[in-house]
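Pulled from Swiss-Prot:
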- 1-42: region 'Disordered' (REGION)
- 1-25: compositional bias 'Basic and acidic residues' (COMPBIAS)
- LYS5: SUMO2 cross-link (CROSSLNK)
- 26-40: compositional bias 'Basic residues' (COMPBIAS)
- LYS90: N6-succinyllysine (MOD_RES)
- SER123: phosphoserine (MOD_RES)
- LYS203: N6-succinyllysine (MOD_RES)
- LYS235: N6-acetyllysine (MOD_RES)
Amino acid sequence: MAGEKAEKPGTKEKKPEAKKADAGGKVKKAKKVKKGKPHCSRNPVLVRGIGRYSRSAMYSRKALYKRKYSAAKSKVEKKKKVRVLATVTKPVGGDKNGGTRVVKLRKMPRYYPTEDVPRKLLSHGKKPFSKHVRKLRASITPGTILIILTGRHRGKRVIFLKQLSSGLLLVTGPLSLNRVPLRRTHQKFVIATSTKIDISGVKIPEHLTDAYFKKKKLRKPRHQEGEIFDTEKEKYEISEQRKVDQKAVDSQILRRIKAVPQLQGYLRSVFALTNGIYPHKLVF
């Protein structure tokens, strides 16, 4: 009996340990957070990049209007603006004058102009077109072969000479190779290739400016008595100065082109895209 009594307290002591273990296990289970199953998008895709519902429709479908957004508090303290007084109260003498009067600090002008004169507004740093900064793409340097994308010479390869004061590019074919004369073009409408020619020794006339290439207005014929149907429109003719300048520039460049094999054929060829050729994958 004594042995049996000794065993009973031992069994009683084990029970609280088991309870403690169970309690600890329950605590551990409570810490675990069940993750929700990921569901598919509420906006089914019709075509790649285009969903069935619009942005405003998804706003109501997701009930985003129930969410409360709190703006982050800025740490910078706002300076209180000092209000400028528009009026001042001044004491006034006399028994029947009320004692004070409200006087405006900024008084209206006594006299007004009889005619409305337009007021000149400040430009706020705006500069005229002549004073704009002319930037040039890093890939376009003197001697770079460009591909023209617009105009009557589109697809042809030309040689870049210099940038004019207006920002336009001065290019030449040369004329004897691809029938492109000395002309101006915008850098937006050209593709710069990796092929280049050394034109450091080429002397370009200084009078080749924007005024030189500016289109001259042709005079319209005036109708006179008896010459209503006989009048002819004045046609544009290339000046002798242009022909001289074209030969002077091309003669210097042709020497350098002939020194490089297969460059003449490259400048004569016209750039075009065919089936299976993608411009964004080409290396110019």
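Cβ coordinates are placed from backbone N, Cα and C, and glycine is handled just like the others.
Location within the structure of each feature annotated in Swiss-Prot.
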residue : record            : CB count, 10 Å
LYS90   : N6-succinyllysine : 9
SER123  : phosphoserine     : 8
LYS203  : N6-succinyllysine : 9
LYS235  : N6-acetyllysine   : 6
Cα-to-Cα gap, LYS235 (N6-acetyllysine) vs LYS203 (N6-succinyllysine), nearest whole Å: 32
Distance [Cα-Cα, Å, rounded] between LYS90 (N6-succinyllysine) and the residue listed as 'phosphoserine': 41
Rounded inter-Cα distance in Å - LYS203 (N6-succinyllysine), the residue listed as 'phosphoserine': 41
